[in-house]
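Chemist: Got a structure for you, written out below as structure tokens; questions coming shortly.
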Amino acid sequence: QLKQSEANADTKEKLPLRLRIFEKFPNRPQMVKISKLPSDFTVPKIRESFMKQFIDRQQQDTSCLLRRLPSASSSSCDHSKRSAIEENKYIDQKLRKSVFSIRARNLLEKETAINKILRACTRQRMLSGSFEGQPAKERSILSVQHHIRQERRSLRHGSNSQRISRGKSLETLTQDHSNTVRYRNAQREDSEIKMIQEKKEQAEMKRKVQEEELRENHPYFDKPLFIVGREHRFRNFCRVVVRARFNASKTDPVTGAVKNTKYHQLYDLLGLVTYLDWVMIIVTICSCISMMFESPFRRVMHAPTLQIAEYVFVIFMSIELNLKIMADGLFFTPTAVIRDFGGVMDIFIYLVSLIFLCWMPQNVPAKSGAQLLMVLRCLRPLRIFKLVPQMRKVVRELFSGFKEIFLVSILLLTLMLVFASFGVQLFAGKLAKCNDPHIISREDCHGIFRINVSVSKNLNLKLRPGEKKPGFWVPRVWANPRNFNFDNVGNAMLALFEVLSLKGWVEVRDVIIHRVGPIHGIYIHVFVFLGCMIGLTLFVGVVIANFNENKVLTLLTVDQRRWEDLKSRLKIAQPLHLPPRPDNDGFRAKMYDITQHPFFKRTIAVLVLAQSVLLSVKWDAADPVTVPLATMSVVFTFIFVLEVTMKIIAMSPSGFWQSRRNRYDLLVTSLGVIWVILHFALLNAYTYMMGACVIVFRFFSICGKHVTLKMLLLTVVVSMYKSFFIIVGMFLLLLCYAFAGVVLFGTVKYGENINRHANFSSAGKAITVLFRIVTGEDWNKIMHDCMVQPPFCTPDNSTYWKTDCGNYAGALMYFCSFYVIIAYIMLNLLVAIIVENFSLFYSTEEDQLLSYNDLRHFQIIWNMVDDKRE
């Protein structure tokens, strides 16, 4: 029997992790592919003997505890102990060397400290309401107050025994009810997930059967272009070229575990897409860089250097599409090129680029087919969405909930239509006025009048008695306000959409009050409340909710969600990289106690803040105040040098270098020493600038000196990492709109907001303007400047770069679509990711397995027992 148990244990250890988990939980619904821990998140290398040593010790403690219990028999305890010893015979032999190599005193100290931490953690969890490893049940303030009131009432109207029995019975009933509800919910979720799994498996089996039947009965099925055979050599060669990718994962032949490599993150990035897709990503980026040099004054049709990038892009894309078509087929194949919207977009971008390259129109009239072709050519950066799978995933998750977003958009449009129709009835024709302030009625607004020119007092212009101020004559015009009116439903809808973005609504309200009446200002206030405070908030909530619901986590059970949450928290958990205290009580041990004391850390943080205050006054070499400020900064620098020296003495150079925060402090301190030397040697404006930069760099080190600041900084870093592809997608959309803006509004005349600083004359300036629009800064005024039409501009029907007029319909579609996609959808996805990452630290849900305090205790214990930092 012992030999049979040893053989079973050996075979179980050789099984992969997924099979062992499935063997332990045979009825567990497998919603996701369970992978190994090293492939999910990086785990620092820890000695295997150390972990097994503590597991063995825990087993011995539990066996001895069972001996002390009166209900446990000694025979069962001895039997379990013998079986554990026989099964772990090889492990015990391996552990003897490591156990006897550690000093007994260090083991006792570490074990005592770990037991104290575990007792404190257990006491905290018991006080918070959890017991026997179960998560604490969070109570709201109202429930706690209600419980206190019930206890007080029981104290007034009963004996102590009755009150205790009532409290216990009430608490027992509450716990039983909550456990029953939780069990029923878990059963319901499991049954629903099993049904979904069964339907998915049935659909997959049906698809495979249909595919096999088509292969047998139809000779042209799965043949690219109905020409190349299924197993033709040329097709196999194309498949190898198309699907070749970098794969640096090395597996252990015995256990099947994936080995971690030194540069695994770089290898994962290289293996993200195939080699062919990497080449096309680089070619597309180079083509986009070439398009950034195009402008109405430097066109690709007249620049041979820009045409080279156009030829290269078309040639490489032709080769890519031919290889993919020959490998996978164009239509009616299981992995055809055109099987989704991404394939259609690839073919569309290729055809537009090919037609433009073959045509190269020398004259492009405004609002013509050639200009439309140039606008469609600006969709080229969207190719990267198709080539990178993570960006396709973002788009898929976004558009999978497009139905709800569309319904909320219809609701907002209906609200705008109702208010626009009502606004037409109230304000149609009433907002116009004459440009002559002395004329009130429209019948008298004709002829010309004189406008005086304001003269600056600096000109010292003295007027003679009776002489009029300089001015000029202009015709009287009866006109609406420049940016909005309610003369028809279309203009009213546009005005209300601008109000919906909270831009210019005060101007609309003031004009309505001034020209119609104060009572009519209620109209715009009601629309702002209903449209912005309720409707727009609902739109934002639907976008965030759909993004969260369409993720994979929503299909998991409660236990699987808790496991995913645990993995996310373990990704954040990193070792403290703090070396242990020296064994003796010598000089290094005293230095260690001083540098690790909370008072010392707080003092250093206060000194960092005090040095940062020195930058509140500009450091100028000619100002006498700068000299004492720089001298004080030199004193602070020497204090920080002393701090780093004390830490190096206490931790040893190798232990000090283990922490990234210590490395950063050493770098900033070294720069400070270099600045002190240059300051006393040169004493000019450049040394003062360098000193200010050193102080700013020193200020960022304060984030790692406080637990909450460090937690917030870590949250921001994790959020930026998770939202990387969303940020890249936003930049690609912004780049497409920038290229299109150069084609549509590159030569528009300057107006109220279109000026020499903000215009579309080049792609770089267009990106700056669009980034300004993302923040919502006067985007509606820029749109109206791009709508300018004759007689306020000079038209030219030959080429669009010779006219300074705008495009009315193009500006409407361009700016409104950009503002909705970027400001209302993409930015809200970033908000959803940041909120999700903050929940890892501040979540109070009862389903969480680990809190931040548990992670902190884990890091402390990890740092105490891992001496060699392996």
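Just so you know, glycine gets a Cβ as well, placed from its N, Cα and C.
TrEMBL annotations: computationally assigned, not manually curated.
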Chemist: Among 156-185, 186-215, where does TrEMBL put the label coiled coil?
Modeler: 186-215
Chemist: Under TrEMBL, which of the candidate ranges 303-321, 664-682 is annotated transmembrane segment?
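Modeler: In TrEMBL, the transmembrane segment feature sits at 664-682.
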Chemist: Taking contact to mean 3 or more CB pairs closer than 8 A (sequence separation of 6 or more), are the transmembrane segment (522-545) and the transmembrane segment (599-619) in contact?
Modeler: no
Chemist: Sequence-remote contacts (6 or more beyond its ends) of the transmembrane segment (811-835), Cβ cut-off under 8 Å?
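Modeler: Long-range Cβ neighbours of the transmembrane segment (811-835): 394, 398, 405, 494, 497, 501, 536, 539-540, 543-544, 547-548, 715, 719, 722-723, 726-727, 729-730, 733-734, 737, 740-741, 744-745, 770, 773-774, 776, 779-780, 782-783, 786-787.
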Chemist: How does the model score the domain 'Ion transport' (597-845) in terms of mean pLDDT?
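Modeler: 86, rounded to a whole number.
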